[in-house]
Amino acid sequence: LLLVVLLPPPGAASAAALPVVINTWAFRTAAETAWRVLESGGSELDAVERGCGQCEIDQCDGSVGYGGSPDESGETTLDAMIMDGSTMEVGAVADLRRIKNAIGVARKVLEYTKHTLLVGESASLFAVRMGFPYEDLTTQKSLSLYAEWLNQSCQPNYWKNVVPDSSKSCGPYKRPGRVTYKEEHIISQRSVQNHDTIGMVIIGVSGTVASGTSTNGAVHKIPGRVGDSPIAGAGSYADSTAGGAAATGDGDIMMRFLPSYQAVEYMRMGTDPTVACQKVISRIQKYAPKFFGAIICANTTGSYGAACNKIPGFTQFHFMVSSPLLSGPTEQVVDCI
């Protein structure tokens, strides 16, 4: 049974009740898992960790967890973060290698260190000290994605202004002797078919907020690339005095605008969550009209909303909501602006 609920027109407030679980894309098992954790008395942080962790296990759309989005050298690496909106503490990992449960490691950063973000090989060593096993994140699927990409002369990729010409051939690339910058007008190669991050916001019964994200990042990224997902205020943001938000899409562009932080600030000023989300999207549009991206927002009363940027192949954004007003986790849709 597929339930699709159409949201009220822009500006109309969603009916509010607590608790609320909202997550990017139609990742139903993630929503169900988080909701079950809340129902059985788990904390908001527990629910975020388990909900996003469910997507890591399910390899949601190949864009979360192991075996997806190989980088330029064919390796899958993971980024994740979790945020406690009551203490404003954040735990995050980026470029995490050979560890499957990225959001679990992020939670350990929050709980057992005074740091916010650990990266790369050192983050993996930390994970092992915290009891996570080393595991291969490569699968037949990620290997064949990688092989296919090499066969297509490494298209698409993330290089620019280099030799050899990155739009025609594989590297290794170098800086040219003399740099002539040419404007790049490329529509994101991605569409709704290859969404890329689980982002989740949870508002507990008493209005406390937690948020989190998990992703394996941009497919064919340059090794070492970190996107918006593990960056507080970019990938997600939680503040129990206002609300929470999480973003998904082209992290390289979106992270420059700290969209999740901005959305929460709009909600703090009393802006309706749907409008807060829309304002964030239109702010990015001014600089990158063709970016691929969406954002979800929820305030401390349990009102929620979402918005996305309209580009060819991506005209609607699907997300999941669970609340006492709905009979179970429900897929919702907004039209992009």
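Cβ coordinates come from backbone N, Cα and C, glycine included.
TrEMBL does not curate its annotations; it predicts them automatically.
Per TrEMBL, active site, nucleophile is recorded for Thr197. The substrate binding site feature in TrEMBL is assigned to Arg225, Val226, Gly227, Asp228, Thr248, Gly249, Asp250, Gly251. Marked as signal peptide by TrEMBL: 1-15.
Recorded features from TrEMBL, shown on the structure.
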residue: Thr197; record: active site, nucleophile; contacts (Cβ under 8 Å, 6+ apart): Thr24, Ser63, Val64, Thr213, Ser214, Thr215, Ser229, Gly235, Ala247, Thr248, Gly249, Gly251
residue: Arg225; record: substrate binding site; contacts (Cβ under 8 Å, 6+ apart): Asp71, Asp95, Tyr158, Gly217, Ala218, Asp252
residue: Val226; record: substrate binding site; contacts (Cβ under 8 Å, 6+ apart): Asp79, Ala94, Asp95, Val119, Gly217
residue: Gly227; record: substrate binding site; contacts (Cβ under 8 Å, 6+ apart): Asp79, Thr215, Gly217, Ala218, Lys221, Gly235, Gly251, Asp252, Met255
residue: Asp228; record: substrate binding site; contacts (Cβ under 8 Å, 6+ apart): Ala234, Gly235, Ala247, Gly251, Asp252, Met254, Met255, Pro259
Maximal Cα-Cα distance (Å) across residues annotated as binding substrate, namely Arg225, Val226, Gly227, Asp228, Thr248, Gly249, Asp250, Gly251: 16
Other CB atoms, at most 10 A from the CB of Gly249 (substrate binding site): 28
Number of Cβ atoms other than its own within 10 Å, given for Gly251 (substrate binding site): 28
Cβ neighbours of Thr248 (substrate binding site) where a neighbour is any other Cβ within 10 Å: 30
Asp250 (substrate binding site), number of other Cβ atoms within 10 Å: 22
